[in-house]
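These features come from TrEMBL:
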| type | residues | note |
| --- | --- | --- |
| ACT_SITE | E439 | active site, proton acceptor |
| BINDING | T156, G195 | FAD binding site |
| DOMAIN | 23-149 | domain 'Acyl-coenzyme A oxidase N-terminal' |
| DOMAIN | 292-454 | domain 'Acyl-CoA oxidase C-alpha1' |
| DOMAIN | 490-670 | domain 'Acyl-CoA oxidase C-terminal' |
Amino acid sequence: MVGISDKCTEDIARERKKCSFSSTELTHFWDGGVELTKRRKLLENYFLSDPELKSSVPLEYLSHKEKYERSIKLSCLFFKKISNWLEHNDTISAMEVYQSVLGGSLGSAVLKDGFPFAVHYVMFIPTIIGQGTMAQQAHWISRAWNLEIMCTYAQTELGHGTFIRGLETTSTYDPDTEEFVLHSPTLTSYKWWPGGLGHTCNYAVVLAQLYTKGQCHGIHPFVVQLRDEETWMPLPGIKIGEIGCKLGFNTVNNGYLGFDHVRIPRDRLLMKNNKVLKDGTYVKSQNDKLTYGTMIFVRVIVVRGVAASNLAKAVTIATRYSAVRRQSELKPGEPEPQIMEFQTQQYKLFPAIATVFAIKSSATWLWDVYNSVTKDLDQGDLDKLPELHAMACCLKAISTSDANQMIETCRFACGGHGYMTSSNFPTIYSSLTAAVTYEGENTVLLLQTARYLVKAWSQRDVTSATITATLKYLSDFRPSDIYQPWSLTMSNLAEAFRLVAAGKIKYCSEHIDYLIQKGYTSEDAWNATSIQLTQIAEAHCRAFIVDTFVKETEVAVVSEPVRKVLVQLCELYSVYWLLKNVGDFLVYSHLKISDVDAVNERLAELLAAIRPNAVGIVDSFDFHDDILDSALGAYDGRVYERIFEAANKSPLNAEPVNESFHKYLKPFLKGQM
Ligand SMILES: CCC/C=C/C(=O)SCCNC(=O)CCNC(=O)[C@H](O)C(C)(C)COP(=O)([O-])OP(=O)([O-])OC[C@H]1O[C@@H](n2cnc3c(N)ncnc32)[C@H](O)[C@@H]1OP(=O)([O-])[O-]
Ligand SMILES: Cc1cc2nc3c(=O)[nH]c(=O)nc-3n(C[C@H](O)[C@H](O)[C@H](O)COP(=O)(O)OP(=O)(O)OC[C@H]3O[C@@H](n4cnc5c(N)ncnc54)[C@H](O)[C@@H]3O)c2cc1C
């Protein structure tokens, strides 16, 4: 056993020695600067060195109820510790701390299946900021921030998650008492899914159809008290519970909620955008989609905080494992190679590494645009909202669907051991795959982006002078560009992605027009074209990601060896996705059949070029072992000992003979049953 351990640690140490660049420098780039790396590590040390936040029994061996109870205990200790930190340290802002513990991966080291308090921070508080008046913000944010109350965001119902205009919960204004009356008229109108709703929260923002003076004005956000602040008993008329076990998120306490004519004061309607006056008069905002603001915010943070971060974890585990796992023969009679020597293994891992960096660069863009558009909205300027919505939708959808598929590939890349819970792939996968559905199901979000693109195509000549940066390629598009010569340069690859997006958008738009001319209604024509419509949203998103990644590699303030790695990863991302959709590139770009072999060769060259640096690159994500929480992916490479140690934590191994032997197996084998 000792021999195996030495061999693994030697293998991984050798990988680190042959790395051609400084992993530490790449870590600084990944974090956004030396200072940010220092701050991240400071927070990690503070939380991860606390024995109270560690659990001796792995979560998976607890019952559902025990998991919940542990999650509440750990959440209270963890969030108390955050408050202590904020009280005594002013070097790191509260926002940065919460981003790091909830939006980053630090929290997963404490409670790997998710926090029942997360929606309080990620959705409730942002909704009050985005939808509340100054007075409402002062009241609710201070109560929520000081943890006097615990809150969630209750939008989805049993019958409707996607089509939120179809939500059934009603909130009817009664001018006599100046109250709203909340009611759930059907079983399908029960709120279903909100994190922490089951037993953890006593307040929620509830989205309900607002009725006043006999007229429905669509969905609006209301702050509703659900439980007594002292006894925690549900208030009269509130029917509340937990929705049961799920694929993952089993410590998040997702809940259900119904109302039986529950009365709340008028000022519980969040009135920054729309208002109801005392006499019941409805005052409309300039854009009714402002009510959807919180969803944009969460989509933005999902891209980096959830998609990039979970994929980075998975690929770190699989790459380190591939450096120490030896299997088969490359050449007869030679020692078994590290499985990373197989080209097929490299093809499973390295595009995922490239995708992590690609998602990260687009996420940075999206976060900056989100902040700038939010400032504009506060000044009443809504011009850039459609672009932000369209980009948040497609980037959320593409980043989570890529991560979803690539995390599974990373698991496959670890063979049977990847299937063990101790690899941590099951939790990483179940956390990430939820993001394909929550905060807007991915297909639906792609169709939102497609709607924006088809509209932009029809207006491209009229608006070309004012067209936004992400759409400029549409007004620049000339169909004859597909006759340009092909070359294997980064600028040419980026151009090919833009040509594919523009060509497909043109085709889709013309196809919809053609169907309408044939007699289809515009809605039927849309539905009959919707497979291609999701593809145009993807093509637009890929062209954007490639462009953003290229620009980032050009302007990054890094040494030449690090830049070289980034350029290789950027090219690999482009070549990989080109080959995945080669048919589109042959039809819509200047790639010709005779060029495809060269692209395949370039893919092989890039995999070989990245191979010596692979461990160094994933090291640069700098995951603390407690955050990776994987027997296969720890820094020291001691894979086999860790798998063994994890197996011995099984409660079944605590006794040599299980009592079921005496009760059932023995009588069964003796024919006495
Ligand atoms: C930790 C995580 C926990 C998870 C929490 C959750 O999941 S919480 C639950 C999360 N739940 C979900 O995420 C639910 C997902 N569902 C939805 O978000 C919506 O129901 C919808 C967008 C799919 C359709 O909505 P609809 O039928 O009302 O709209 P429509 O299609 O008829 O388009 C009309 C116009 O509105 C525009 N527009 C739309 N959205 C936005 C926006 N945010 N901003 C700005 N604009 C927006 C759109 O572009 C179009 O513009 P155009 O072309 O007229 O200029
Ligand atoms: C882990 C988790 C946590 C969640 N947390 C919360 C929370 O805190 N608060 C909250 O309010 N909600 C929450 N949700 C709910 C979540 O937001 C919804 O499940 C999500 O928006 C999808 O809606 P749905 O379940 O109705 O799916 P559906 O819309 O029923 O999707 C089913 C299928 O129908 C297709 N479909 C639906 N409409 C269209 C269309 N127009 N065009 C083409 N195809 C369509 C979809 O593509 C999909 O294939 C959570 C969900 C999960 C899984």
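In case you wondered, yes, glycine gets a Cβ from its N, Cα and C as well.
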Secondary structure content, the domain 'Acyl-coenzyme A oxidase N-terminal' (23-149) (per DSSP, counts of residues): 95 helix, 0 strand, 32 coil
Residue pair T156 (FAD binding site), the residue listed as 'active site, proton acceptor' - Cα distance, angstrom, rounded: 10
Taken over the domain 'Acyl-CoA oxidase C-alpha1' (292-454), the model's mean pLDDT: 96
Residue pair G195 (FAD binding site), the residue listed as 'active site, proton acceptor' - Cα distance, angstrom, rounded: 12
Mapped DSSP class for E439 (active site, proton acceptor), helix or strand or coil: coil
Other CB atoms within 10 A, centred on G195 (FAD binding site): 26
